[in-house]
Amino acid sequence: MEMDLTTAGPPLSDDESVTEHSGAQAKTIMYARMILPHVGLVVLLIVYLLIGAIVFRYLEAPNELETRDRELREIFGLRKDFHDMIWNLTIGGDSFITRESLDLLGEKYFESLVLAMFEAYRNQFVNENHLLNKTNGDAMLWTYANSIFFATTVITTIGYGNLVPATQFGRIACICFALFGIPLLLVTIADIGKFLSDFLSFLYRTYRTFKRKVCRQSRRISHHYRDRSSSAQSSSVSTKAGSMNLNSIETASESSCEDELRIPVVMVLFVLVAYTAIGGLLFRSWEGWQYFDAFYFCFITMATVGFGDIVPTEQMYMFFTMAYIIFGLALATMCIDLAGTEYIRKIHYIGTKMEGAKGAVMTGLQAGEHLLKHTGIEVIRTAGGKLVQVRGAVLNQKQARELGVDYILTDLHYQQKNILYEPLSPTVQRLVKSSNIKILPGDITEKDGYIMQNKSYDKPGGKYFRMFHRRRNYIHRLLVPSTSDVAVIIPILLKETNV
């Protein structure tokens, strides 16, 4: 049997093989350097939990056995003593006992039994199975699975309270374990939360891209049918215009995608509620709880409240419970961070708008009113950048001389006024009241509050003013149109005018 090797191509040389192998190896090393720090952080946390569980079990398990045996001996001893007392009274035919004496004896044993039971309940080492002899004596509270769960509740600061260290060395170990474990968990949660945030951003970005493609396709179909229904000449024109509009819309959409991606708060809350709901289904299956109890436990756990009224007890699913708690805390941290960032951005935006509105009110209402009264300016610019046109007023003799025009004022005299102490007119007060605007002049100093002369008086444009009508106590003037070479003269300048 012969094989045709002519189509296989020339074999790779040794140098090319080494180059390809080294390139793949370099790429593998690069990915390993990117992934290993994050994986190593999670592995370090798991190893820390396992070591802590071993230490807690080593310190607390012997004390549990000793305390439980002592409490059971005391409880069963009281029961035996009570039975012996009843038996002795029964077989002693020559002895007579009254009902009062029997009640006193029963009350004595009952009080001793209650104290012993309460002590056993407080230590949590004795349960109903031990008292009813439904266990072989090997069932312990400080098992290895429970120790891992306890270590998890310590570093997550949940602290259900169903399992606590009772020895002195165990409590010291708990303090040291929490001292180093809590920062380690916070760093790990922040790292996991960053991955979850990027993944959620990727999903939202994919959704927006898909939605944009669907809208673009629908617009194209709409333009296609619109072109077919029109005439030949108008069809070509509309097609050209439609293409231009479509391109502009697509360009705007693509440029908007370049902006910062902001995930809606509703989507963040939906992810958090969905994770809690899924956890409720899991714990209902694992622990046999009602769904509402399981949902309640998941929410209380992710909120790190940890009342301890509902606690998982199934040893088989304890590792999955631990994983659910840690992953849920990372998810909750991510959601709170995203939602908090969005609300902080909105608060800063509102604060900036309020500052701008305050400056606009001070300039556009109060200062603008005084401009109208005392300077005769026709156009002013508010702090918000809006141009406001006012009615013509009069100039005094001093201003007329400085402007170099033939304005004469015989009756009225200009007086410098401070707008900080000048009362607002009824018109401005009605506007402020109807618009719910707060005027806070406290941010303006007395120096800035005075109406003062601007250097624009020296511009030659003032010579172009012409007086065309003159009456007693009334002078009307014209402002040169803005299309000419004459600059608009603004005879005052406040700090907030933003001229």
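Residue numbering: from 1, along the chain as shown.
Using N, Cα and C of the backbone, Cβ positions are placed for all residues, glycine too.
Note that this is a predicted model, so its numbers are computed, not measured.
So that you can see what the record holds, here are the features copied from TrEMBL:
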TRANSMEM  35-59  transmembrane segment
DOMAIN    139-197  domain 'Potassium channel'
TRANSMEM  141-160  transmembrane segment
TRANSMEM  172-193  transmembrane segment
TRANSMEM  263-282  transmembrane segment
DOMAIN    271-340  domain 'Potassium channel'
TRANSMEM  294-311  transmembrane segment
TRANSMEM  317-339  transmembrane segment
TRANSMEM  474-494  transmembrane segment
Treating G and I as helix alongside H, and B as strand alongside E, what does DSSP give for the domain 'Potassium channel' (271-340) in helix, strand and coil?
52 helix, 0 strand, 18 coil
Over the span of the domain 'Potassium channel' (139-197), count residues by DSSP class, listing helix, strand and coil in order.
42 helix, 0 strand, 17 coil
Of the stretches 35-59, 141-160, 172-193, 294-311, 317-339, which racks up the most C-beta pairs under 8 Å with the transmembrane segment (263-282)?
317-339
State the residues, same chain only, that lie 6 or more residues beyond the ends of the transmembrane segment (35-59) and have a CB under 8 A from a CB inside it; answer 'none' if no residue qualifies.
142-144, 147-148, 150-152, 154-155, 165, 167, 169-170, 173-174, 177, 180-181, 184-185, 187-188, 191-192, 195, 322, 326
